[in-house]
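Enquirer: Got a structure here, written out as structure tokens. Questions coming.
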Amino acid sequence: MIKVGVVGYGTIGKRIADAVALQDDMRVVGVVKMTPDYEAKIAAARGFPVYTAADRVEKFKKAGIEVAGTVEDLVKASDVVVDASPEDVGRENKEKYYRQLDKRYIFQGGEEADVAEVSFNALANYDEARGKRYIRVVSCNTTGITRVLSALLLNGIGIRKARIFIARRGADPKEHKKGPINDVVPNPTAVPSHHGPDVQTVLKDVDIVTMAVAVPVTIMHMHMAYIELDGPRSRDEVLEAFAKTPRIFLADVGSGFQSLAQFIEYARDLGRPRGDFPEVAVFRDSVTVRGDELYLMYGVHQESIVVPENVDAIRAALGVLPKWQSIEKTDKSLKLFTEGKRYA
């Protein structure tokens with residue numbers, strides 16, 4: 001049984017903790033919170049031991065939250081630590097808590113790539129991460145792009161170049177201090193956005209350029225992709241590649257999928273926790289092939305898409321399961337769409 005500690009119990013961390021708790025080969029030994037807020041109380045109510053920094057223990061006690069120990073205590077009790085701290089805090093934690101303890105550590109895409117030995121996406125480079133001490137799961141947008149490109153590559157469809165245009169959600173649903181509210185903001189104005197170079201930390205030989213804007217929504221990101229293939233292909237070939245690849249969902253307008261909000265509503269109706277949609281949501285009707293040119297649009301649920309990747313990264317770090325066994329095990333445990341998917 002792999003003992004997993006989760007440092008940071010916010011948007012991503014709480015989802016990772018819940019996902020780890022569903023694995024039959026892992027258990028959550030504790031989570032780190034720095035503020036004694038409602039999320040800390042929920043963590044305790046879910047049965048996760050709560051840890052914090054040594055100088056914050058008294059604040060938690062005053063708030064009526066039992067503290068199991070310090071950050072150092074949790075790291076010592078863990079086989080693998082998943083750091084889901086806010087951007088750049090993971091690097092600080094590495095220097096402050098992690099370097100001196102010989103464990104395995106998983107960081108998130110908000111950290112720069114050099115925080116880890118390898119940037120990770122399960123479909124693309126699971127084996128490259130096996131046995132690594134420091135692994136970085138790439139960001140939500142990078143995960144979405146990498147999955148789409150990997151679906152093609154894994155099915156023998158080569159890529160000459162990819163040009164991806166991203167409409168980023170302005171904030172997560174709970175982020176009341178972020179925006180925009182009534183604007184469309186180049187994010188950044190310069191080309192490329194950071195997503196293309198980030199994809200290349202995983203798929204190192206892909207010719208990719210990305211551009212992004214932030215828009216006043218909270219539900220999901222939308223990607224509009226132009227991909228030049230290695231030669232003429234049929235639309236059916238591309239659709240079959242997406243249909244067979246895990247963690248990709250093909251949505252039909254005829255079935256009622258006409259917007260990103262409908263994916264979230266679908267997830268709620270399915271009874272998925274928090275209305276999460278970890279799959280890349282590809283609009284089947286948008287998939288267009290003209291000779292060697294592929295066009296498509298797809299949605300990326302920023303709050304949950306990286307969660308299955310983190311579970312697989314834990315196994316990769318310890319080298320306990322082969323790639324496809326881990327991916328299938330994770331997908332089934334999280335009740336992702338597995339019918340018709342190829343795990344080999």
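Heads up, the Cβ atoms here are built off N, Cα and C, so glycines get one too.
Bear in mind that the values here come from a model prediction, so they are computed numbers and not experimental data.
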Enquirer: Of ARG163, ARG169, ARG247, which one shares the NAD(+) site with THR11, ILE12, GLY110, GLN302 in Swiss-Prot?
Expert: ARG169
Enquirer: Express the distance between the Cα positions of HIS195 (D-glyceraldehyde 3-phosphate binding site) and GLN302 (NAD(+) binding site) as a whole number of Å.
Expert: 14
Enquirer: If I take the Cα of GLN302 (NAD(+) binding site) as reference, which of the binding-site residues CYS140, ASN141, GLY196 has the closest Cα?
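Expert: Minimum Cα distance from GLN302 (NAD(+) binding site) across CYS140, ASN141, GLY196 lands on CYS140.
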Enquirer: Within 10 Å of the Cβ of SER139 (D-glyceraldehyde 3-phosphate binding site), how many other Cβ atoms can be counted across all chains shown?
Expert: 22
Enquirer: In whole Å, note down how far the CA of GLY110 (NAD(+) binding site) lies from the CA of SER139 (D-glyceraldehyde 3-phosphate binding site).
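Expert: Cα-Cα distance, SER139 (D-glyceraldehyde 3-phosphate binding site) to GLY110 (NAD(+) binding site): 7 Å.
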